[in-house]
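Inspection log for the structure reproduced underneath, given as structure tokens.
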Amino acid sequence: MLFSEQNYRRGEFCGSIEVVCGSMFSGKTEELIRRLKRAQIAKLNVEIFKPRTDIRYDESAVVSHNANAVQSTPVDHSSAILLLGANTQVVGIDEAQFFDDDLPEVCNKLANKGIRVIVAGLDMDFSGKPFGPMPALMAIAEHVTKVNAVCVRCGSPAMYSYRTITNDAKILLGEKESYEPRCRCCFYSKD
Ligand SMILES: Nc1ncnc2c1ncn2[C@@H]1O[C@H](COP(=O)(O)OP(=O)(O)O)[C@@H](O)[C@H]1O
Ligand SMILES: Cc1cn([C@H]2C[C@H](O)[C@@H](COP(=O)(O)O)O2)c(=O)[nH]c1=O
Ligand SMILES: [Zn+2]
């Protein structure tokens, strides 16, 4: 794919921002891991970050719902991502929706230093509203990939994460016990 490899300009790496977004179970983490593993195969220096908020599967690894995993560094604030090693060429960030509003500027700084930044996160929360810094990241990205899950109600492509338990908190970590991916019709029909 066009955005799988690093851009070059005048023989040097050009930085860029890629966003992978969608509902829960849509394959965001799988796609992030796929791109990062390709970069590792290409012998690029890769660093991976996730918010400390999300330690559902593992304290430090980024883990997909089907148990594919890569090691990562949990951070409390997006500014910590700027402290990465001087030789870093590719940065991966998972669960970007949980980061603070400085994350887009942090990603811009990294990309302007020549780093390829790949960010994965939920574009919408359980109520169908844009989630955290994701809309700003999508605006400044060179490439945005929206992936779909399969609606558990009807089998259509799903872009919403329906919360199946009663709780209005924006942040509520969980899996299939509290969320199911749904298409537009099944999300808004609410039955
Ligand atoms: N309803 C569903 N639609 C699509 N994939 C599903 C569904 N339920 C479970 N999965 C599993 O989830 C995997 C995607 O996991 P993951 O990459 O962690 O997604 P995300 O990061 O978007 O939540 C799929 O490959 C599949 O094995
Ligand atoms: C919709 C929604 C989700 N969350 C939580 C639930 C999970 O812990 C993560 C999303 O993980 P995934 O890798 O995309 O499956 O986010 C939340 O806190 N609030 C929400 O509205
Ligand atoms: Zn549906």
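Cβ from N, Cα, C; glycine included.
Unlike curated entries, TrEMBL annotations are predicted automatically.
What TrEMBL says about this one:
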BINDING   Gly22, Ser23, Met24, Phe25, Ser26, Gly27, Lys28, Thr29, Asp94, Glu95, Ala96, Gln97  ATP binding site
ACT_SITE  Glu95  active site, proton acceptor
BINDING   Cys151, Cys154, Cys183, Cys186  Zn(2+) binding site
BINDING   Ile171, Leu172, Leu173, Gly174, Tyr179  substrate binding site
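Feature map: TrEMBL annotations on the structure.
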residue	record	DSSP class
Gly22	ATP binding site	strand
Lys28	ATP binding site	helix
Ala96	ATP binding site	helix
Cys151	Zn(2+) binding site	coil
Gly174	substrate binding site	coil
Cys183	Zn(2+) binding site	coil
A 10 Å Cα radius around Glu95 (active site, proton acceptor) captures, of the binding-site residues Gly22, Ser26, Lys28, Cys183, Cys186, exactly Lys28
Near ligand 1 by the Cβ criterion (under 6 Å), the binding-site residues from Met24, Ser26, Lys28, Asp94, Cys183 are Met24, Ser26, Lys28
Checking the binding-site residues Met24, Ala96, Leu172, Leu173: which ones have Cβ within under 6 Å of ligand 2? Met24, Leu172, Leu173
Quick one: give me the count of other CB atoms within 10 A of the CB of Leu173 (substrate binding site). 11
Among the binding-site residues Ala96, Cys154, point out the residue whose Cβ has the most other Cβ atoms within 10 Å, with all shown protein chains included in the count. Ala96
Any idea what the Cα distance is from Asp94 (ATP binding site) over to Cys183 (Zn(2+) binding site), rounded to a whole Å? 23
One should report the C-alpha separation between Ala96 (ATP binding site) and Gly174 (substrate binding site), rounded to whole angstrom, as 16
